[in-house]
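Copied over from Swiss-Prot, here are the features:
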BINDING   C55, C56, C121, C150  [4Fe-4S] cluster binding site
COMPBIAS  186-212  compositional bias 'Basic and acidic residues'
REGION    179-212  region 'Disordered'
Amino acid sequence: MRWRLSKPQAATSIEQSKGSFEDAIRRNLLFAQLQDLVAWGRKNSLWPYNFGLSCCYVEMVTSFTSKYDIARFGAEVIRATPREADLMVISGTVFIKMAPVIKRLYEQMMEPRWVISMGSCANSGGMYDIYSVVQGVDKFLPVDVYVPGCPPRPDAFLEGLLLLQEAIGKEQRPLSWAIGPQGVERAPKPSLRDQRRAERQKATVFRSPDEV
């Protein structure tokens, strides 16, 4: 595919096409299935809810800075209300007193909506195996992506975001109520830990934590 640049002064002049009609159509038209086009728009325009619980939230917010630039992935539009968001990142320790609030906020989010569990505390309770902490946010919320770490680096959060976008792009959701009742077909969720186990077992050079 070739593109031509012209000066602003010559914008009024129409350049004669030097290719065939098929080439002109190929440069100006895009053909796709409606379902694939909608999924492409959803995965590239996630609106996170500005919500955090504890220290992992600091790492999440760091991903919005210029160094990591989450805007590259179309997820920089932070919403201050759950009614305008479609992504909730559970970043931090989930206390039992906070669980009903989190569930209520989740219910107010737009459909379709997704959840990222960020950090060991949100994934499994972390080091707080006590009566006041929920041992995993998936006890009361459906989780789409788990990001391990205590706390995870912004790079890990961005990788989790990319995994979520990949899964959203493969989802098949109903486009109209007039077609009839339809379910949501989700892509399988592979475990990256299992996929990378063989590669990690072959590692012979181990870097210090300040070099990771």
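Sequential numbering from 1, following the chain as shown.
Glycine is treated like the rest: Cβ placed from N, Cα and C.
The record gives C55, C56, C121, C150 for [4Fe-4S] cluster. Within 8 Å of the mean position of their Cβ atoms, the other Cβ atoms in that chain belong to S54, S91, G92, T93, M118, G119, S120, A122, G126, G149, P151, P152. Broken down by DSSP into helix, strand and coil, the compositional bias 'Basic and acidic residues' (186-212) contains 12 helix, 0 strand, 15 coil.
Around the Cβ of C121 ([4Fe-4S] cluster binding site), the same chain contributes L53, S54, C56, G92, T93, V94, M127, Y128, V133, C150, each under 8 angstroms and 6 or more positions distant in sequence.
In this view, the densest Cβ surroundings among the binding-site residues C55, C56, C150 belong to C56, judged by other Cβ atoms lying within 10 Å. The DSSP secondary structure for C56 ([4Fe-4S] cluster binding site) is helix.
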